[in-house]
Amino acid sequence: MSAAIYPGSFDPPTKGHVDVIERARRVFGRVIVAVGSNVRKDSARLSGERRAELMRAAVGDLEGIEVEVMSGLLVDFAREKDVRVVVKGLRDVRDFETEQEQALLNRTMYPELETVFLVSDVRHGFVSSSAVREIAFHAGEVRAMVPGVILEDVRRLYGRGDGQKDKI
């Protein structure tokens, strides 16, 4: 069976990420979750290895899923792994515009690399890692957005430490 790479910063992993991973596994059989950094976004709060640990916990022992830290370009990682398919989840048209641009750039560097888009499940279309970080920082409830197995880690790692909600 074929393999696909699902890249992202996963800062932190969300239920939406896990949903895309599970669906990609049904299509491709094997999914390599590539935990990297996105220089277009703010720098990650946690190291790549710590985010990979959270992702490993989030996906549990699902067969056919590997989680690795990726440094450098996705195209180089894909060549190294001898994988020619990238999977990206899309929540909305803004995601499509960004991901289409990235897919075209990747194809200029690695013409054999195909990008496959999976539309988010309606239950997760509003979820983003940046929203989770902000809500957790302000001691808000993130239970609906992150896998239960990493919920306390997310609260602890992304909260501001005092556990208090903002007072107006």
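Keep in mind that glycine also has a Cβ here, set from the backbone N, Cα and C atoms.
TrEMBL does not curate its annotations; it predicts them automatically.
Listed in sequence order, TYR6, PRO7, ASP95, GLU99, GLN102, ALA103, THR115, VAL116, PHE117, LEU118 are the same-chain residues six or more apart from LYS88 (substrate binding site) with CB atoms under 8 A from its CB. Look at TrEMBL and you will find SER9, LYS41, LEU74, LYS88 tagged as substrate binding site.
Cβ neighbour count for GLU99 (ATP binding site) (all protein chains, 10 Å cutoff from its Cβ): 16. Taken from TrEMBL, the feature ATP binding site covers SER9, PHE10, HIS17, GLY89, LEU90, ARG91, GLU99, HIS124, GLY125, PHE126, VAL127, SER128, SER129, SER130.
Under the heading domain 'Cytidyltransferase-like', TrEMBL lists 5-134.
Sequence annotations record features per position, and here TrEMBL assigns site 'Transition state stabilizer' to HIS17. Within the same chain, residues at least 6 positions away in sequence whose Cβ sits under 8 Å from that of HIS17 (ATP binding site) are TYR6, GLY8, PHE10, MET55, ALA58, GLY89.
Proximity of VAL127 (ATP binding site) to non-local residues of its own chain (separation of 6 or more, Cβ distance below 8 Å) is seen for THR14, LYS15, GLY16, ARG91, MET145, given in sequence order. Sequence-distant neighbours of LEU74 (substrate binding site) (same chain, 6+ apart, CB under 8 A from its CB) are ILE5, PRO7, ALA34, GLY36, VAL86, ASN106. Each residue contributes its Cα atom, and for SER129 (ATP binding site) and SER9 (substrate binding site) these two points are 9 Å apart.
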